[in-house]
Amino acid sequence: MSDASDQTSRLDGRWPAAILIGAVISAAFVADRLIPNSLLSLPLMAAILVSTLITWWGVPRLRALKMGQVIRTEGPQGHLSKSGTPTMGGLLVVPVGVIIGGLVSSEGRSAQQLLAIALVTLAYMVIGGVDDWSSLTKRTNTGLTPRGKLLLQATAAVLFLGWAGWQGWIAGTVSLPFNLDLPLHWLIWPLALFVFLAESNATNLTDGLDGLASGCGALVFTGLALQLMLRGNAGDPALAGFCMAMAGCWLGFLIHNRNPAKVFMGDTGSLAMGAALSAVALLSDSLWPLLLMGGVFLAESVSVIVQVWVFKATKGADGQGRRVFRMAPLHHHFELGGTPEQVVVPLFWLVTAGLVMLGLGLHPR
């Protein structure tokens, strides 16, 4: 038993993170070589460099401001050692991705779309920041009330969707593989609001292990960018470039966020990540690719919903109910089953990479 414990303690996320970063960089350079008009590597490399340096500079400042994460005591006991690790790291890197991504195009329509995506992403970053700050000042693992946070998220999403609707940026159909379309007409608007709320909270739930959300997010942004370039005239190089800038900012952050993490993104980063993914998917008619490629985010969210629903449905007079998972979200289920965090995270990255490849094979034409 002690040998297994010693072996686990020697594991860290250095090599898996290096492999992931190298794979994304390689994919960008290959795409630039093979796909006409592809310039994915430039925003990617710029964002990786800047976010790496800014996070390196910012972590000591977050620590000096006493922005240490409060760890919930009912979670995996191995996480208690992470208490005090600086959080709100999204504040350091989200603006990097947004600014570099916003410089990708100055053409009228594209520039306006990039501005709209940047604003809704930053709005969600601020909402997450308020939530994180509230948690830190109360010294608990909870910040804003769920209803209050959801209301703020919905307000920011509605403002974005109102702008997009006024400009005619969102079609009333969802493009599917094999030249199929799902006509939704006015139903696209409640679906779009649902996508914002569901995706941002799914990325938030995924941010529970060192490097998990940042690695998965970088892969999904890369996948969205690649499928946009593969769609030819139906794609959008400007939005693809924005995606690569966001992928780069999370890869730069991952260098400091991989196990053992020196900093956490907090709701500041995870909510912004989900908002950016949602906005890009809606403006580029990429809801289907996002659904496939973001399968890990979906699974994490569904695991929580199922856990809560089954527990409430089976709760007896003693207040106890059945649990489908050892603990939700899903990554904690594997942890409590004996799989170390240092193994769970690369496995979830690998699943996401597989889903990205599946999404590229089944992207809309």
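Glycine residues also receive a Cβ, built from the backbone N, Cα and C atoms like all the rest.
Per Swiss-Prot, these features apply:
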TRANSMEM  15-35  transmembrane segment
TRANSMEM  39-59  transmembrane segment
TRANSMEM  84-104  transmembrane segment
TRANSMEM  114-134  transmembrane segment
TRANSMEM  156-176  transmembrane segment
TRANSMEM  178-198  transmembrane segment
TRANSMEM  209-229  transmembrane segment
TRANSMEM  235-255  transmembrane segment
TRANSMEM  263-283  transmembrane segment
TRANSMEM  291-311  transmembrane segment
TRANSMEM  343-363  transmembrane segment
Legend entry - Cβ pairs under 8 Å between the transmembrane segment (291-311) and the transmembrane segment (156-176), at least three: no
Legend entry - the transmembrane segment (15-35) touching the transmembrane segment (84-104) per 3+ Cβ pairs under 8 Å rule: no
Legend entry - Contacting positions for the transmembrane segment (178-198) when only residues 6+ beyond its ends and CB under 8 Å are counted: 150, 153-154, 156-158, 160-161, 165, 170-172, 274-275, 278-279, 281-282, 287, 290, 301, 365
Inset, instruction - Can you tell me which of 114-134, 156-176, 263-283, 343-363 gets the most C-beta pairs within less than 8 Å of the transmembrane segment (39-59)? - result: 263-283
Inset, instruction - For the transmembrane segment (263-283) and the transmembrane segment (15-35), decide whether they are in contact, meaning at least 3 CB pairs lie under 8 A, counting pairs 6 or more apart in sequence. - result: no
Inset, instruction - Using a Cβ-Cβ cut-off of under 8 Å, list the residues of the same chain that are 6+ residues beyond the ends of the transmembrane segment (343-363) and lie near it. - result: 11, 13, 16, 20, 23, 177, 209-212, 215-216, 219-220, 222-223, 226-227, 230-231, 259, 288-289, 292-296, 331, 334-335
